[in-house]
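Notes follow once the structure below has been shown.
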Ligand code: 1OR
Ligand code: 1OR
């Protein structure tokens with residue numbers, strides 16, 4: 001950690017400045033200190049904004065990790081500040097850490113039912129991007145109504161999902177009701193990322209919990225092949241929702 005911090009340098013950016021251009025060789029990895037940045041991908045002669053960093057997150061790791069051309073263009077849309085890490089230091093430190101992560105998480109990631117349909121190389125890339133977070137008993141992991149930027153897989157312990165329902169009377173509406181529990185190998189926090197809506201429920205640790213966490217950009221980049229399974233499971237939430245609260249709202253339809 002201290003070696004990374006020592007090697008990092010600040011880069012100030014202006015609106016419309018390209019921090020990274022798709023197709024270039026990779027020089028630096030960047031951590032966002034502040035500012036908004038569009039992720040633009042050109043494909044078949046068309047450029048599309050596929051996401052953004054909002055005062056948070058990091059980018060530019062792919063070209064350095066896999067020795068590939070830059071996979072996207074990153075454009076600042078406001079004034080901003082970044083912390084950069086040069087390629088040589090990034091590879092020396094981060095790649096060593098990635099090798100360790102692969103050893104630690106390979107077997108567990110193989111056992112996660114959601115990820116079964118992925119190729120071994122795709123699962124490796126998931127290991128490369130995941131972080132681990134530990135929560136204490138009762139700690140809130142996700143808060144209903146919040147903006148979402150992460151996806152979670154339970155590595156150990158138990159997570160309970162609670163919901164405050166709009167369909168209940170006002171007195172009951174502020175009370176949370178338990179609707180599900182997640183155990184080792186199960187995932188949560190996908191719904192808001194898939195629907196682009198606020199968190200539909202809250203998640204709390206039951207006892208000490210370890211979760212693997214992935215940011216929304218990695219979720220969209222790497223979990224496309226698992227999207228059908230997640231969407232199918234979301235339709236099961238809807239059936240449960242109707243059974244529990246008698247409401248027939250469509251969780252997958254943003255219009256509702
Ligand atoms: P890089 O070194 O390739 C561009 O330089 C960076 O954009 C890349 O590392 C990532 O850190 C970041 N696909 C590719 N790169 C992405 C994506 C992405 N999102 C962020 N980056 N997505 C798939 C697009 C078809 C995800 C969109 C949310
Ligand atoms: P999220 O990003 O909305 C809360 O953040 C998470 O709780 C959600 O993603 C799901 O991963 C998880 N309805 C809504 N969210 C649920 C449900 C659910 N179960 C788990 N989550 N159900 C219907 C509500 C009555 C499922 C009942 C079994």
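Heads up, residue numbers simply count up from 1 along the chain you see.
Glycine residues also receive a Cβ, built from the backbone N, Cα and C atoms like all the rest.
For reference, TrEMBL has these:
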BINDING   61, 70  3',5'-cyclic AMP 1 binding site
BINDING   190, 199  3',5'-cyclic AMP 2 binding site
DOMAIN    1-111  domain 'Cyclic nucleotide-binding'
DOMAIN    114-240  domain 'Cyclic nucleotide-binding'
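Projection of TrEMBL feature records onto the structure.
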residue : record                          : Cβ contacts under 8 Å, 6 or more apart
61      : 3',5'-cyclic AMP 1 binding site : 29, 90, 94
70      : 3',5'-cyclic AMP 1 binding site : 20, 21, 22, 23, 24, 25, 26, 60, 62, 63
190     : 3',5'-cyclic AMP 2 binding site : 151, 219, 230, 234
199     : 3',5'-cyclic AMP 2 binding site : 142, 143, 144, 145, 146, 147, 148, 189, 191, 192
**Complete:** binding-site residues 61, 190, 199: those with Cβ under 6 Å from an atom of ligand 2 are 190, 199
**Complete:** Those binding-site residues among 61, 70, 190, 199 lining ligand 1, judged by a Cβ under 6 Å from any of its atoms, are 61, 70
